[in-house]
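*Asks:* For reference, the structure I am asking about is given below.
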Amino acid sequence: MHRAVDPPGARSAREAFALGGLSCAGAWSSCPPHPPPRSSWLPGGRCSASVGQPPLSAPLPPSHGSSSGHPNKPYYAPGTPTPRPLHGKLESLHGCVQALLREPAQPGLWEQLGQLYESEHDSEEAVCCYHRALRYGGSFAELGPRIGRLQQAQLWNFHAGSCQHRAKVLPPLEQVWNLLHLEHKRNYGAKRGGPPVKRSAEPPVVQPMPPAALSGPSGEEGLSPGGKRRRGCSSEQAGLPPGLPLPPPPPPPPPPPPPPPPPPPPLPGLAISPPFQLTKPGLWNTLHGDAWGPERKGSAPPERQEQRHSMPHSYPYPAPAYSAHPPSHRLVPNTPLGPGPRPPGAESHGCLPATRPPGSDLRESRVQRSRMDSSVSPAASTACVPYAPSRPPGLPGTSSSSSSSSSSNNTGLRGVEPSPGIPGADHYQNPALEISPHQARLGPSAHSSRKPFLTAPAATPHLSLPPGTPSSPPPPCPRLLRPPPPPAWMKGSACRAAREDGEILGELFFGAEGPPRPPPPPLPHRDGFLGPPNPRFSVGTQDSHNPPIPPTTTSSSSSSNSHSSSPTGPVPFPPPSYLARSIDPLPRPSSPTLSPQDPPLPPLTLALPPAPPSSCHQNTSGSFRRSESPRPRVSFPKTPEVGQGPPPGPVSKAPQPVPPGVGELPARGPRLFDFPPTPLEDQFEEPAEFKILPDGLANIMKMLDESIRKEEEQQQQQEAGVAPPPPLKEPFASLQPPFPSDTAPATTTAAPTTATTTTTTTTTTTQEEEKKPPPALPPPPPLAKFPPPPQPQPPPPPPASPASLLKSLASVLEGQKYCYRGTGAAVSTRPGSVPATQYSPSPASGATAPPPTSVAPSAQGSPKPSVSSSSQFSTSGGPWAREHRAGEEPAPGPVTPAQLPPPLPLPPARSESEVLEEISRACETLVERVGRSAINPVDTADPVDSGTEPQPPPAQAKEESGGVAVAAAGPGSGKRRQKEHRRHRRACRDSVGRRPREGRAKAKAKAPKEKSRRVLGNLDLQSEEIQGREKARPDVGGVSKVKTPTAPAPPPAPAPAAQPTPPSAPVPGKKTREEAPGPPGVSRADMLKLRSLSEGPPKELKIRLIKVESGDKETFIASEVEERRLRMADLTISHCAADVMRASKNAKVKGKFRESYLSPAQSVKPKINTEEKLPREKLNPPTPSIYLESKRDAFSPVLLQFCTDPRNPITVIRGLAGSLRLNLGLFSTKTLVEASGEHTVEVRTQVQQPSDENWDLTGTRQIWPCESSRSHTTIAKYAQYQASSFQESLQEERESEDEESEEPDSTTGTSPSSAPDPKNHHIIKFGTNIDLSDAKRWKPQLQELLKLPAFMRVTSTGNMLSHVGHTILGMNTVQLYMKVPGSRTPGHQENNNFCSVNINIGPGDCEWFAVHEHYWETISAFCDRHGVDYLTGSWWPILDDLYASNIPVYRFVQRPGDLVWINAGTVHWVQATGWCNNIAWNVGPLTAYQYQLALERYEWNEVKNVKSIVPMIHVSWNVARTVKISDPDLFKMIKFCLLQSMKHCQVQRESLVRAGKKIAYQGRVKDEPAYYCNECDVEVFNILFVTSENGSRNTYLVHCEGCARRRSAGLQGVVVLEQYRTEELAQAYDAFTLAPASTSR
């Protein structure tokens, strides 16, 4: 069933609008899909493509061609006889590609390739090649214009349809690349059947694999016998909601040949723009506005579809498809498709561009303004499905891994053409060749753009693969690197709007529909495969009461949320080539019997990047924490997180280090909230704005670095015979586990104390484990800054030096900035469900020792959870706990049920002193260990380091765990922790002496104990009270040397208890207490019990580290330098955003936050003495005026200064039209009628009176009210009235002259009013508010106005109204007034006190009256006394009243060609004295006076419940982001406004979080208007309270918090949306600084 599409249409600010019309399939429509083989689709309820899909912009809809190179070129597989003319060009093409395969960095060859394709009119390929040439140093001056011309040609071709069916002469570069690469691999000489002997060349560290890798054919397709064909997903697959379990893949094909050489890196600009991929046959890419056509849905036989279903993807990355080719058949509305595939039912429907009745607030405004880019036809831009579809709860595995994994690209997409035997390359003929529409829809913005808060998981691949499915993707053809899309698209601006509103709200309002679906059948426990998945709580959009769904949902949801984290965040990139190459060649599982008949392999639920499992509707802050994640970069956990292939990592036939995720896979089961490692997390330098490393922490780092250098120098001098410890970075490459994308860098930097010895451990372990069939697991994160581990087993490292130990601590501390990036983490893994040893490179992880979990479970089998399990719980309440319990799955492999500790309640957050005590104890332990190592080097080879140390008794392990295991041991751990806290405080007071450790062994037992204590305990730096004090307890009694470097060391902000905590990272080779169950990211050290942080920036904490040396011992005492807490009332603009967040976070505000946005100390109003009685002549002052004699005068800066001088309320500029040669005839009545005679005119019917009088109807007294009635007509009809009144006036004049009439003032032929009126007033009609905003209809008129000086123009950088972001009729557009004598514009101030420009077109004159803004309150009082509303009423001042009140009135005549500048806040009223036309618009010059008055009126309007037409808070933030302000007064005002706005948002947010109300992130899109409360018309900035009108699913209304709470005190039925992440506002606030005066204007 397809919900009818409502026609798009304009809306008034208060009108509701239909959201339903924006959905292609309807978020709530029941879409009976075609069930894929062996699986049943849920009945329609939730199978729409709405929630969870990222808005995909489609500036250039491609055509549905079947060639991988060109949409309209027949598809020729390698080896297929293809008609290839121009053999010379082909030879040249092959030669270039062969040379580039050897060395991609040859701009000349890339340019040559581009010229080849350009000569054959293949602009897409040419643009790609030119981009590559630029990437490798080509001349931008030469290539830039060429690229622009080609892209423009593509655009024109799309509109003209000229190249829709043009066959290409040259084969696509991708085909050639892959073909030659296959030959290259055949010559590579590697044996099939095992991992490659030799690792291919290292790619550049910072260069991720080109997006081609995303969709590159996995080895199983490109190289395996059954895979040499394009295997796309049918439309059914495309319809599979994201994250559903997949049917089991077929038996894995034989291992592929060795990996290819690294592909050329992507274009440099792609780090922040989505990777682009060529259009595939049938590919539904972001530019297809088209849903799959019915003819394409069922065209493939079921068996072929089943094959495609079962063919797993080997690559977890989405391939955002991008094509610049026009659609060959039809343009379909640009459905904002997202990570989630659309259900089959939805596939067949496109959004028809019907007209929508006027609608309101949220969605239509977004959608109407997200008409995509101008290059898209209206049909193509009709936004469909503003929200991605919610995943059906509990849907059994129904589709192939390819369809289910939103980000795993159909590897067939790239390069490997279908076998010649496959009939019909045309995608309509052979849907088997289609790429998964789902994947194809994962366009660039699918990952770069934000997703709705509750997106159905989709972007993360959940492909479950036979754990070892080997595949070796060919090097991605550079062709896949599409040129960056238009900026609007890159930002997901226009297209995001389409999907981000309705369905997400529908989800929140109406919950998930449809009967619960049973979880996928458990997979029989078999070696090398994941254990049977238990249903777990869905992280999709359904309510918390919905049935559990397969674990896949969690990871996908997390992934989708992680995408949404950054509106501007980088888009997902492929992993570095060495990771990508090693994905496939992993050992295959020992169970090749898995067939399509087997129950679906439970999809690996990959780590939730601390993204909120935002679908659970529990009222907790944790669920939407992700919306504030300060790390937009993690917006792409589309990394090797997919379990489709073994995690990428160096694997070779010869013994060599293998990433822990590879070797120890058998010990690992599917984890509920594992973190998908983000390959680019380390690949690219993190944007400075997100390096939330506080200054204090940075200082600690510096101090530690200095100490490290000193220690290294000393050690090198003292131990000349001992080699210095190897750099910590090298072991990291091999040991780095797949860590949560949010915290991957943390583990990368957080080197455990034994980092120097872990290389050996890992090597041996992984070698042994290499032979075991690992289950499909997320690969370890790429280590951008670290080379892959060395191939030969490294020799045992030398004794650890103080330098290396301090480096470890530094790493721990530095890791905090990365941990902070995981702010909204809803990272919860099933506690105790699977031991974390699979990523701990100790042999105990499956090969030589039983996998240790925690000390208690492994040694005694006791159910106590390990340390890491304690961090796996979210304290956010029931739904999370249910999710953990439901998501637990036993891990296969050596893990026995006895070893799986049951989940326990969340331990209380650690205290500040505990945290700091841990740091000091860690430093101390490090130094002690170093001392022992130097004295007794044999210790370095102790069992701990080698990873073979027997497990200590549980009690000992508990002691050694730094108190964390104890704290996590059971429900009573909270009390024990509190006791420990008190002890630590006492110890801190002592500062030197005893070690208040519960059950700690005496100093005699120190040696064995400290072996495990080297792990540094659990530096729970992310705990709730992370910023607490840290007072250490030194071991030494006598202090010989004390160094007191004081360093501000603010660890990242505390994590509220309501947030789930990321897992801790056990140190490899340590005792079992570190190897407690944890997510796959748990790998290096238990040092980091990562807790998700609150949204605000970290609190700065100054820590003084005191180094105490006594004999051979060195102790660090860490003590907090107390800082005064900042109160919210003490905040000033000098404080940074972190201070603002911290001060306002815990502020308790009673009632509504009502602080002013203006500081009273910043007024710039002129001083006007109102007490002095002015003489009569001064009550009629001369009007400031300027006569322009030349164009030079008009553009003089003096004119701007004069007009905007606060002392001049109004300025008349004479002769402007003549000096600028304005053609005012364009605005004459005759021209207007010719241009658009049927244009609407608002008519005001008035009584004609003298300009300085205003009589009542009886004509007996003057009054203030000036009433008029409103009606409408057209320009043509009013022109007739205007002309006839002029003729009648002329005739009356003649008659009056002849008869000496006593009524000389009668100038109209209409009958006089019948009311008793001695003056015999006449009725006149005033044509007003004629909108000239249509740039096409009024193009000549609007272009003529561009001749004006910049500050007077309708649009300019210095005009605040140009930064509103949307149209305000009459303010930032031109309006026309058609007048007859007596037409009155009653008294008023401009909207929000903005300036105004008015030009008299003529031929008659107008008389103006004006009063300075200073007197508006007096005039308002007059209006009140006369019973008329000052702000909204119609009044005409009595001049005598004003004079009596000592108010001077400026009075002057505006002649044709004169321009009147009405300064900010000026009260004015106008009457026409002749027949004339006027044009007018508003201007907001960036002056302090204008800004102050605008904000004053903004606040006054709120008091009077009047709508502020200009959304000043929204405008202020936009100005702060885009304009350099050099005026100090203006800068202070704007900064203060931003400060108040941040405080308001934070206070409001914290109150909602405390109340347990979810806040859903929904980023803004281009041209999205500001929102106003539907009831009180106040601007609603950032945090929107949305309700469904009358329970309707199609209409949503925005409210302010006050009105929302009046409707429902507990906000039941109200969805809270957040449009800006806290980090976005903080970044903009801090970046807004005073610019040098020289750059002013």
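Any Cβ shown, glycine's included, is placed from N, Cα and C.
These numbers come from a predicted model, not from an experiment.
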*Asks:* Please identify which of His1272, His1468, His1514 is recorded by Swiss-Prot as part of the Fe cation site containing His1388, Glu1390.
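*Replies:* For the Fe cation site that includes His1388, Glu1390, Swiss-Prot also lists His1468.
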*Asks:* Specify the nearest of the binding-site residues His1388, Glu1390, His1468 to Cys1600 (Zn(2+) binding site), where nearness means the distance between Cα atoms.
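*Replies:* In terms of Cα distance, Cys1600 (Zn(2+) binding site) lies closest to Glu1390.
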*Asks:* Using a 10 Å cut-off on CB atoms, tell me which of the binding-site residues Cys1576, Cys1600, Cys1603 is the least crowded.
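*Replies:* Among the binding-site residues Cys1576, Cys1600, Cys1603, the sparsest Cβ neighbourhood within 10 Å belongs to Cys1576.
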*Asks:* Across the domain 'JmjC' (1337-1500), what does the pLDDT come to on average, as a whole number?
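*Replies:* In the predicted model, the domain 'JmjC' (1337-1500) has a mean pLDDT of 96.
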*Asks:* Apart from Cys1573, Cys1576, Cys1600, Cys1603, which residues in this chain have a Cβ no more than 8 Å from the mean position of the Cβ atoms of those residues at the Zn(2+) site?
*Replies:* Tyr1572, Asn1574, Glu1575, Asp1577, Val1578, Val1580, His1599, Glu1601, Gly1602, Ala1604
*Asks:* For Cys1573 (Zn(2+) binding site), just count the other CB atoms lying within 10 A of its CB, please.
*Replies:* 24
*Asks:* By the count of other Cβ atoms within 10 Å, pick out the sparsest of the binding-site residues His1388, His1468.
*Replies:* His1388
*Asks:* If I take the Cα of His1388 (Fe cation binding site) as reference, which of the binding-site residues Cys1573, Cys1576, Cys1603 has the closest Cα?
*Replies:* Cys1576
*Asks:* What is the separation, in Å, between the Cα atoms of Glu1390 (Fe cation binding site) and Cys1576 (Zn(2+) binding site)?
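*Replies:* Given the Cα positions, Glu1390 (Fe cation binding site) is 20 Å from Cys1576 (Zn(2+) binding site).
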*Asks:* Provide the number of Cβ atoms within 10 Å of the Cβ of Glu1390 (Fe cation binding site), excluding the reference atom itself.
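*Replies:* The answer is 26 other Cβ atoms.
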*Asks:* Measuring Cα to Cα, how many Å separate Cys1603 (Zn(2+) binding site) from His1468 (Fe cation binding site)?
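*Replies:* Approximately 34 Å lies between the Cα of Cys1603 (Zn(2+) binding site) and that of His1468 (Fe cation binding site).
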*Asks:* Distance check, please: Cα of His1468 (Fe cation binding site) against Cα of Cys1573 (Zn(2+) binding site), rounded to an integer number of angstrom.
*Replies:* 30
*Asks:* Could you check what DSSP calls Cys1600 (Zn(2+) binding site) once collapsed to helix, strand or coil?
*Replies:* coil
